[in-house]
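What follows is a short report on a single structure.
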Amino acid sequence: MPSKQIRKQSVILTRGARKREEDSGTDVGEGADDWAQSKAAVRPPDQLELTDAELKEEFTRILTANNPHAPQNIVRYSFKERTYKLIGFVNQMAIHFSQVGNLIPKDSDEGRRQHYRDELVAGSQESVKVVTSDTEILEEEEEPKEGEGEGEGEAEGEAEAGSQTDVPAAAETTEKVIEEELMAPVQPKERKLTNQFNFSERASQTFNNPLRDRECQMEPPPRTNFSATANQWEIYDAYVDELEKLEKTKEKEKTKTPVAKKTEKMAMRKLTSMESQSDDITKVTQAAKIVERMVNQNTYDDVAQDFKYYEDAADEYRDQEGTLLPLWKFQNDKAKRLAVTALCWNPKYKDLFAVGHGSYDFMKQSRGMLLLYSMKNPSFPEYMFSSESGIMCLDMHMDHPYLVVVGYYDGNVAIYNLKKPHSQPCFRSTSKSGKHTDPVWQVKWQKDDMDHNLNFFSVSSDGRIVSWTLVKSELVHIDVIKLKDEGSTTEIPEGLQLHTVGCGTAFDFHKEIDYLFLVGTEEGKIYKCSKSYSSQFLDTYDAHNMAVDAVLWNPYHARVFISCSSDWTVKIWDHAIKTPMFIYDLNAAVGDVAWAPYSSTVFAAVTTDGKAHVFDLAVNKYEAICNQPVVAKKKNKITHVQFNPIHPIIIVGDDRGHITCLKLSPNLRKMPKEKKGQEVQKGPAVEIAKLDKLLNLVREVKTKT
């Protein structure tokens with residue numbers, strides 16, 4: 001009974017204690033909640049208050065490899081140049097933590113070798129300890145024990161006799177153990193080999209030792225004054241003396257036969273004669289070139305006088321008419337019966353122009369030629385290059401006038417360097433480098449790219465306009481745009497649609513807006529395109545009913561361009577208006593058109609009937625002020641025309657390979673007349689205003705109609 005009461009009391013006590021703990025816990029918890037609710041955030045008075053939208057706005061963080069703590073203006077002294085130079089490249093590497101480790105994985109070959117070596121070392125140490133402990137025990141047993149009396153009697157004598165018998169046996173065992181240890185072969189330490197298949201390299205940056213100049217004193221070398229003349233005969237005599245010395249040394253040698261000596265002498269004589277001939281030929285060619293120019297100057301002296309000074313006096317009696325005076329005629333027998341397919345003046349040498357020869361008869365394609373003529377020598381070209389395929393177009397670089405880019409009938413493009421004498425192009429496209437699949441109709445040099453690499457564009461009948469860049473002596477191509485006829489599509493039985501590809505024939509880039517250019521096609525349409533957009537055209541003009549032969553921006557007015565076609569028409573456009581401003585019918589297929597460099601209203605066109613037409617909109621807006629046949633035979637077709645950038649002359653080429661130079665009469669190049677007390681205004685602004693005045697009249701008429 002008493003034990004049961006004790007148990008009941010303990011249970012009651014424990015229940016009461018638990019209840020008190022729960023009550024105390026609830027009180028503390030409630031007090032903690034009240035304290036947490038009454039807590040307020042402390043904010044500074046100038047803190048920004050952002051809205052929910054601003055708080056939810058995400059900001060992107062960009063990680064860069066640049067070290068913000070790296071110095072930007074390090075200047076070091078260059079002992080080589082003896083000046084302080086700014087260090088352009090600064091090391092951007094920042095090391096946060098570096099530790100050299102010496103741990104080796106246990107499973108690797110090196111770890112196993114090291115574990116094996118440690119075991120060998122530990123085993124040898126234990127064996128030495130065992131031997132030393134045995135010897136120490138034996139020595140202790142040999143020493144007499146202290147505290148023993150001297151008078152022990154017979155028992156002591158027997159013990160000593162027994163110990164004396166045991167000592168030699170123990171000594172023999174220790175000596176055997178030591179001999180075995182010494183006679184055992186010592187294993188050499190295994191050399192640590194590097195793992196050729198699992199290793200890491202650690203790079204370190206070392207400081208380049210600066211160059212230092214060290215001076216020392218020495219005796220000056222002896223000096224003598226020497227003077228001699230170096231000319232052709234002195235050099236020849238020196239070579240002859242050297243040759244005689246060689247012959248004397250060969251005569252002393254007895255091993256060689258006299259026949260071998262004679263052959264060597266003949267070979268040496270041939271080499272010296274060939275060298276002298278090559279030097280003489282180069283000098284003769286230069287002298288012959290000078291003499292040829294002198295002879296031509298005397299032969300064509302009357303033509304040169306007309307080119308420089310003659311002015312047609314009959315223009316005073318003709319108000320709105322002019323004439324073309326024939327000057328020189330350029331032709332070459334090697335380019336006979338090859339049509340003139342391209343003309344271009346050199347931007348630096350104004351008397352030099354390039355001619356491309358090919359064939360417009362596509363059923364009878366032949367070779368091509370690139371010729372460069374000078375007005376100083378009309379009888380023979382200055383440079384001559386031949387090609388297997390016909391040349392269809394060319395252009396000369398503005399900054400590098402010795403570089404000529406050409407386009408071939410087979411779709412290739414090539415660059416010729418006039419400084420190099422060989423006849424092959426320096427750079428040429430191939431089928432692997434993205435050449436055109438149809439004839440290349442026009443090429444144009446453009447500004448260099450960001451890396452100062454040469455750059456030019458080409459257009460072809462395959463519908464591609466390609467940008468070519470000369471990178472590391474190689475032509476790299478990029479398709480800028482592909483011409484697609486938006487209106488015409490053909491359906492395939494499978495349900496697919498094929499877009500008709502436009503055939504590009506001509507293009508021209510804007511003089512001020514670098515990315516803007518025009519493209520003419522065989523379908524008669526003109527597309528306004530941009531270098532930045534390769535998928536669509538900026539504008540489309542339904543210009544002609546037949547192929548567009550040429551399209552050119554006006555050299556003065558930024559909004560005006562001209563086009564000509566085989567449909568007998570020449571049209572002048574404002575690129576902001578889809579209808580032409582002026583239309584001229586020339587009663588024959590127009591092969592080419594060109595703006596005059598001296599006026600914004602003058603242009604020339606050539607037709608297949610052998611006539612050249614010169615227009616001046618400021619004089620007559622409706623008709624040409626000069627219609628003149630410039631080829632002898634009616635069957636000859638004029639293909640191209642070009643104005644000289646400085647002189648008042650034009651050059652025209654026909655399909656027989658002839659180039660004719662013509663001088664413009666004063667009525668074809670009229671300038672503003674001087675008025676009393678007023679200065680004549682000149683410059684691009686005057687030319688722009690003159691053309692704007694004509695265009696405004698046409699715009700007013702169109703708005704009224």
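Placed from the backbone N, Cα and C atoms, the Cβ positions cover glycine too.
Since the structure is predicted, the reported quantities are computational estimates derived from the model, not experimental observations.
Here Swiss-Prot flags 124-135 as compositional bias 'Polar residues'.
The feature compositional bias 'Acidic residues' is assigned by Swiss-Prot to 136-159.
Per Swiss-Prot, the feature phosphoserine maps to S124 (among others). Under the three-state DSSP scheme, S124 (phosphoserine) falls in the helix class. Around S124 (phosphoserine), taking its Cβ as the centre, 14 other Cβ atoms fall within 10 Å, counting all chains.
Among the features that Swiss-Prot reports, phosphoserine is placed at S127 (among others), with the record citing a large-scale study or a structure entry.
Residues or ranges marked as region 'Disordered' by Swiss-Prot: 1-44 (among others).
Summarising the annotation, Swiss-Prot assigns region 'Disordered' to 122-169 (among others).
Annotated repeat 'WD 1' per Swiss-Prot: 386-426, in sequence order. Within its own chain, the repeat 'WD 1' (386-426) has Cβ neighbours under 8 Å at 334, 338, 341-342, 344-349, 354, 356-359, 365-370, 372, 435-445, 454, 456, 458, 460, 462, 468, 470, 475, counting only residues six or more beyond its boundaries.
Long-range Cβ contacts of the repeat 'WD 2' (435-478) within its own chain (Cβ-Cβ under 8 Å, at least 6 residues beyond either end) map to 392-398, 400, 403, 405-413, 415, 427-429, 484, 501-509, 514, 517, 519, 522, 529, 531. Taken from Swiss-Prot, the feature repeat 'WD 2' covers 435-478.
Looking at the repeat 'WD 3' (543-583) alone, the prediction's average pLDDT is 90. Marked as repeat 'WD 3' by Swiss-Prot: 543-583.
The repeat 'WD 4' feature in Swiss-Prot is assigned to 585-625. Counting residues 6+ beyond its ends, the repeat 'WD 4' (585-625) has Cβ neighbours under 8 Å at 320-322, 324, 549-550, 552, 554-557, 560, 562-570, 572, 631, 633-634, 636-646, 648, 650, 652, 654, 662, 664, 667-670, 687-688, 690-691, 694 in the same chain.
Annotation comment: Swiss-Prot describes 633-672 as repeat 'WD 5'.
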